[in-house]
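Annotated transmembrane segment per Swiss-Prot: 35-55, 117-137, 151-171, 176-196, 287-307, 317-337, 381-401, 415-435, 450-470, 477-497, 522-542, 552-572, in sequence order, evidence recorded as sequence analysis. Annotation source Swiss-Prot lists region 'Disordered' at 214-240. The compositional bias 'Basic and acidic residues' annotation in Swiss-Prot covers 214-231. Taken from Swiss-Prot, the feature N-linked glycosylation site applies to Asn244, Asn309, Asn443, supported by sequence analysis.
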Amino acid sequence: MRAGHETETSIMRPQYPGDDIRPTSKKELAGWYSYGWAAEVFTVCAMGSFLPITLEQMARDRGVLFSDKVTPCSATLNGPSRMSIQARWTLSSRYDAGRPTVANQCVVYIFGVEINTASFAMYTFSVSVFIQAILIISMSGAADHGSHRKLLLMAFAVIGSVSTMLFLGVVPKIYMVGAVIAIIANTCFGASFVLLNSFLPLLVRHHPSVLRSAREPRPALDDSRAQEGHSDTTNGIEHGIESNVTSPLLHARQGNGENAEADMHPATHITVSQELKVSTRISSFGIGIGYIGAIILQIVCILVVIATNQTTYSLRLVLFLIGLWWFIFSIPAALWLRSRPGPPLATTHHGKHTRSWIGYMAYSWKSLYRTAVRTRHLKDILLFLAAWLLLSDGIATVSGTAVLFAKTQLNMQPAALGLINVIAMVAGVLGAFSWGSFSRVFNLSASQTIIACILLFELVPLYGLLGFIPAIKSLGFLGLQQPWEMFPLGIVYGLVMGGLSSYCRSFFGELIPPGNEAAFYALYAITDKGSSIFGPTIVGIITDRYGEIRPAFVFLAILIFLPLPLMLLVDVERGKRDALALAAELQPSGAQTYGTLPTNEDRAPPSEL
């Protein structure tokens, strides 16, 4: 086995000082999977279920009724943190005779401004996403260059997990501290996952099977075999639940010029196909194991909430468990994941390395600017990114809005809200596998499948708007008037998410100029992360204006519909032609030979994040 590793290593030579060319080991892969198992629970169990309702409930415990602005929302001799949430909802229901209206809505005053308790949670998420986007851009240079990647990953993991555990000590009296902790935890989670995904191309490139394929004889492929390999890869992506991968999967060897990917071994159809197969397999398994862990912990959290009588303390306790899970299962990643240092930054004109944090941050923002300038010449990428910005904002906003709507207007208890999330996750996994079969049966292209997902997604807010129609409202059900209606909508939401996660990223990859995957996927990730600033903020403003969340469904319906005409304008073939033309313009006159280190004079300015 050792001899085999030596042979595989011998076909690669370090490209820069500190370059780790050891083949990817099973233990290293286990470390990478372990962090997905550890951290995925935060986005699914915390952000998707218990964190929004915890923030809302703590604010509610300190708020007053919207109807009279005087009566406390929670009044008890035993203290609000231990009073049963079900009991509090029963008390509030006396104002609305069992029918959800604005009467049981609560407001708090922050710096003299009246804010609905549901809006409080939405504003908190908007702030966290804004900080997260700034942080992701600023740290990308340090993550991709030098030896900081693993250090940053573990630092964000520790800060994020410990912050989540600190919710155990946050009582309603200091609910603003809870908002600050939520912002820190969500920011650290997003940053850590971007860092985790940046390991993926390195694990793939040094995977033993990829190294073996690079060493094997490379016969010329005819068109039919090349097409067959491409088809296999596409099917793998369609069926692989490949979501949230925000780093390049092919030859992202950065730092030795704009097209540093060419510095690797000569690109062939065999090598590219093998790398795509390996990357799809690793990515899919990582996402799958993360969801399995999240489902397990979500069920545990539901049982804990029920066993502790569904109090505010119950919500804080499950957040502590989520943070503890995140912390404990990050330890194998810290032990087994190799640092895999990246290439050093380009030198300055004075010959001094810009390795300070200020230098890394400046490099990151300049790289983003260069990528944005390039995008101006690619009409179809611009159209798709605009559609994706709106669509990803809609995805994130609908999730948070639905949870808060179910709690504040349908009076659903935390255990039931957690169960909805489990159902949505299971439906998402099924959707990721079923959309591929659906598209083949109806002979749909990738863009047409995305459009079908958008149309199905549009049904969610439209169904909520049915509650405004007097004839339906008089029935007492339909139009989200009863708690049970949330469960089928959760299935629809999960199916849509499964389809979009399987298709959007792979569709975007078809439009990227070859050799520039790193920069454009970074732009894709920033569009994804940063878009969620606006939706929750607007929903919060609408809720504050009308005193309830239901009117926000009008905004959500518009937000989900807007990507539809943009996707209809995207021309894949035109996008591919434009991408190839731009790649030809960016192709340097000479590429650095694999295995050699360029001098300062020979090194082209880096352009990728």
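Heads up, the Cβ atoms here are built off N, Cα and C, so glycines get one too.
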Taking the transmembrane segment (381-401) as the reference, which of 151-171, 287-307, 415-435, 552-572 gives the largest number of Cβ pairs under 8 angstroms? 552-572
What is the Cβ neighbour count of Asn309 (N-linked glycosylation site) at a 10 Å cut-off, with all protein chains included? 14
Cβ-Cβ under 8 Å with the transmembrane segment (317-337): same-chain residues at least 6 beyond its ends: 27-28, 30-32, 34-35, 37-39, 41-42, 45-46, 50-51, 54, 150, 153-154, 157-158, 160-168, 185, 199, 293, 297, 300-301, 304-305, 308
Contact call for the transmembrane segment (450-470) and the transmembrane segment (552-572): at least 3 Cβ pairs under 8 Å, seq gap 6+: yes
What residues elsewhere in the chain lie close to the transmembrane segment (287-307), defined as a C-beta under 8 angstroms and at least 6 residues from its ends? 33, 36-41, 43-45, 49-50, 241-244, 314-315, 317-318, 321-322, 325, 329, 414-415, 418-419, 421-422, 425-426, 428-429
Beyond the flanks of the transmembrane segment (552-572) by 6 or more, those residues with Cβ under 8 Å of it: 380, 383-384, 386-388, 390-391, 393-394, 397-398, 401, 445-447, 450-451, 454-455, 457-458, 460-462, 464-465, 507, 510-511, 535, 538-539, 542-543
Return yes if the transmembrane segment (117-137) and the transmembrane segment (35-55) have at least 3 CB pairs under 8 Å (sequence gap of 6 or more), otherwise no. yes
Counting only residues 6 or more past its boundaries, what in the same chain has a CB within less than 8 Å of a CB in the transmembrane segment (522-542)? 115-116, 118-120, 122-123, 125-126, 129-130, 132-133, 136-137, 140, 190, 194, 246-247, 367-368, 371-372, 375, 385, 388-390, 392-394, 396-397, 400-401, 505, 508, 549, 551-552, 555-556, 559, 608-609
Given the transmembrane segment (477-497), its same-chain partners at Cβ distance under 8 Å and 6+ residues beyond its ends are 100, 395, 398-399, 402, 405-406, 410-412, 416, 419-421, 423-428, 430-431, 434, 453, 456-457, 459-460, 463-469, 550
Asn443 (N-linked glycosylation site) falls, by DSSP collapsed to helix, strand or coil, into coil
